[in-house]
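Trainee: According to Swiss-Prot:
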type    : residues : note
DOMAIN  : 8-127    : domain 'Longin'
DOMAIN  : 138-198  : domain 'v-SNARE coiled-coil homology'
LIPID   : 194      : S-palmitoyl cysteine
LIPID   : 195      : S-farnesyl cysteine
MOD_RES : 195      : cysteine methyl ester
């Protein structure tokens, strides 16, 4: 999972222009980096130009996803990531960046601003912080912990059973379980196996 670009743009009546951007092109060849960076800036502008105000969307191009959020006040943000990166985290990042940008940079500067004139330097830190979505996003962290717990529980159950033993055999031999509990287990097992086939 990787983020390559984070940009803030202004969608004017006739033209979209870049206000500020940050790039991580370290995974590309040294000689390709400037061309890739230019292409990402061009793609970001094109996507914002073709998006409606007040919209969020994702555009797939080969193994990359471009996530765009255009606010009603014409301020827009674009994140370019690989297709494994969670879209929800991208839109959370865009919302956070655009909100912070709109409070730190005067609205009057947006239509005429450029990367050289806009005083906002947080994009690089956001781009590096959000490289790992689990660290940056609390929901992703909770989901990862739940997945780990599920794996641990599954492994623990398998390790409790002795070699060659099956849970089905243990249930049928059990003296503690009543016949109704055994019947419930068998019915549940059949229903679950039915669902696995589909």
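Any Cβ shown, glycine's included, is placed from N, Cα and C.
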Trainee: Is it possible to list how many residues within the domain 'Longin' (8-127) are helical, extended or coil according to DSSP?
Mentor: 43 helix, 34 strand, 43 coil
Trainee: Across the domain 'Longin' (8-127), what does the mean pLDDT come to, as a whole number?
Mentor: 90
